[in-house]
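Asks: Feature list, courtesy of TrEMBL:
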- 135-525: domain 'SAM-dependent MTase RsmB/NOP-type' (DOMAIN)
- CYS252, ALA253, ALA254, PRO255, GLY256, ASN257, LYS258, GLU278, ASP307, ASP327: S-adenosyl-L-methionine binding site (BINDING)
- 336-392: region 'Disordered' (REGION)
- 359-371: compositional bias 'Polar residues' (COMPBIAS)
- 378-390: compositional bias 'Low complexity' (COMPBIAS)
- CYS442: active site, nucleophile (ACT_SITE)
- 539-553: compositional bias 'Acidic residues' (COMPBIAS)
- 539-655: region 'Disordered' (REGION)
- 556-569: compositional bias 'Basic and acidic residues' (COMPBIAS)
- 610-635: compositional bias 'Basic and acidic residues' (COMPBIAS)
- 636-655: compositional bias 'Acidic residues' (COMPBIAS)
Amino acid sequence: MSLYHETAAILTAAGPNATHGGSLKSRIFKDKSLKSPPAQVYALALETSKWSAILKEVVEASDLLKHERKLTPALSLLLVHDLLLSKSGIALPATHGLRVSIERHKARLNSEFVRARIRRKCATLDALRTQVEIEARGGCPVHPRWIRVNTLKSTVEEQLATTFKGWEVVESVAEVIKAADAFDGQGKKGKKVIHIDGHIPNLIAACPGVADFTKTEAYKSGKIILQDKASCFPAYLLDPRPERDGDVMDTCAAPGNKTTHLAAIVHSRGTTTIFAFEKDPHRAKTLQKMVKTAGSDTFTVVNAGKDFLKVNPSDAKYRNVGALLLDPSCSGSGIVGRDDAPTLHLPSAPSSSSSSSSTINTKANPKGKQNNNKRKSPPTTTTTETQEPPAKVLIDDDGVAIPVSSQADLEARIASLASFQLTLLQHAMSFPAAKRITYSTCSIHAGENENVVLRALASDVAKRRGWRVLKRQEQVEGMRRWDVRGEAEAMTLEEGEVRDAVIRAYYRDDGRGVMGFFVAGFVRDGTIDDPVYLDDGVEQQQEGEEEEQEDPEGPFVRDEQGQIVRDENGIPTLKSTGKKAVDLKELEGDEESSVEYRIEGQEEEDEEEPYQRDGKGNIVRDDEGLPVLKEGRSDESEEEEEGGEDGDEWGGFDD
């Protein structure tokens, strides 16, 4: 099946008869049956959808489907798109049947395309492109292309002299955004302007749509990484320092943007190990590739296919992990371009009436353009009455589509995610050496953000180990200056310090140019509940506690035969001090002593004999020389026997 047939099948499956959900991108890249490169299929599908309202007019006005009966409406849009708008034209051999069927109508298609441009009052093709892009956004704000310079391989200065040579450096993100929309309808295109970010080090905001950075040498070699500004918050806020925090852990690491950001930060400060976990084997491959490309594979351990929740915090491998980054699965409600495909307008087939045609919705409809072509008026795009609107779908940050038919469904989904996120956060808090944690989501819902933070702080593990929120005045300078904080509605007045500590970002037309995001930091000083872990991962007592239990031979000095060495009074000598276990001189007159010492002739308090005796009346002793108590007597009731052969002997301490 050709590129065009495969793309047509995916686009038409996006309608009400679709058998699976998800964004256009996730549907394409998860389709293992594709023979064409997924990236090529996605680019063709997306661009054709953007232009479909205009291309529909062109196809219908030229009677293309009437003359070429073997073409389907979807195929006609894809082929005409590449004929009119692709620099390389139709990606088929010159003699291929599909290409021949389109190119023999080239003159008519071109003339109808010019008429469509003029109807939209666009003097040039560039002006028309601008209009199409604005309509495709559906009213969404313009965002810059955020680019992080990977300091493991390059510097901002080097990139300004190479990748961004000839670009103008402006003072604010707002100027970059303004440059993206700097079109006056006469073909003026976006300018090459960039801004060096003032919050995140080594981050650049570039005017979108001006250059394809994925084709640059810097991108291919790992010198620059395309990463939204808000996505840089977690690693920067964590602020890992090897001398203070030891090793670092990224708990849900794929695709690797935050992992490689952590690597760039710690590499400039010392030597450490980064443990990256990704339970999905396919996503783990992407993570491994990105770590290698970024140049951090020498000190990053990728745990492919391993679930962080199944990691034993007591494992000796992680005994030095002092900083953890948590960016778990979430609703993805803050991601820019989640519904990435505009409405697909299909032309009418020859047998269709001129009163209706097909429309396939892959996201909310942008404002459509009605055709006012007086020469030949194509039918107005409508939706047939029998076609039910597509169900609303919540797509999380992993690309998983969850049908949401009501507010109750949404709340249930958020509650389910929050429960998982809280479990993950509490698990991170249990790592013995952990002193710093960042928790982040690309969600705008308080249920996944502020509520999770408050519940975590109130948990037993947080209280037991002394975890608290990282206060705003304690945060790194760039994050301290970020003024968008927690939602007031999600917290009480008493929780104001927490609200000021957590960080938010919104996908809004507010001049910041970031996606919806949330991040909070947690810290503890380590003075509470710091167990010492052996290499086998078994928790032990603090060093120095109950040392007598660590020596299998006990605390007393023994002779070559293993017998406890005693003096003439039967008192053993302590190994730790070399002194007698009991000083008889100190005991005389000490009524509060826990050891009773009796002298011959003293009146006995208990007439009952405490020790066992043999047939000759001698006290029965064990192998260590200690007297054996009668049944029912305890060590605390042990007293000296008055009279008899051994009545004046002291039995000594129980070893």
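Glycine is treated like the rest: Cβ placed from N, Cα and C.
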Asks: State the mean pLDDT for the domain 'SAM-dependent MTase RsmB/NOP-type' (135-525).
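Replies: Averaged over the domain 'SAM-dependent MTase RsmB/NOP-type' (135-525), the predicted model reaches a pLDDT of 86.
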Asks: I'd like the Cβ neighbour count for CYS442 (active site, nucleophile), meaning other Cβ atoms within 10 Å of its Cβ, all protein chains included.
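Replies: The Cβ of CYS442 (active site, nucleophile) has 26 Cβ neighbours within 10 Å.
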Asks: Take the C-alpha atoms of ALA254 (S-adenosyl-L-methionine binding site) and the residue listed as 'active site, nucleophile' and report the distance between them in angstrom, rounded.
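Replies: Each residue's Cα considered, ALA254 (S-adenosyl-L-methionine binding site) and the residue listed as 'active site, nucleophile' end up 14 Å apart.
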Asks: Taking the Cβ of each of the binding-site residues and counting other Cβ atoms inside 10 Å, which one has the highest number: CYS252, GLY256?
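Replies: Buried the deepest by this measure is GLY256.
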Asks: For the C-alpha pair, I'd like the distance in angstrom between CYS442 (active site, nucleophile) and GLY256 (S-adenosyl-L-methionine binding site), rounded off.
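Replies: Approximately 15 Å lies between the Cα of CYS442 (active site, nucleophile) and that of GLY256 (S-adenosyl-L-methionine binding site).
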Asks: Using all protein chains in view, find how many other C-beta atoms are within 10 Å of the C-beta of ALA254 (S-adenosyl-L-methionine binding site).
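Replies: Other Cβ atoms within 10 Å of ALA254 (S-adenosyl-L-methionine binding site): 24.
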Asks: When you measure from the Cβ of LYS258 (S-adenosyl-L-methionine binding site), how many other Cβ atoms are you left with inside 10 Å?
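Replies: Step by step: centre on the Cβ of LYS258 (S-adenosyl-L-methionine binding site), count other Cβ atoms within 10 Å, giving 25.
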Asks: Would you work out the biggest C-alpha to C-alpha distance among CYS252, ALA253, ALA254, PRO255, GLY256, ASN257, LYS258, GLU278, ASP307, ASP327, the residues that bind S-adenosyl-L-methionine according to the record, and give it in angstrom as a whole number?
Replies: 19
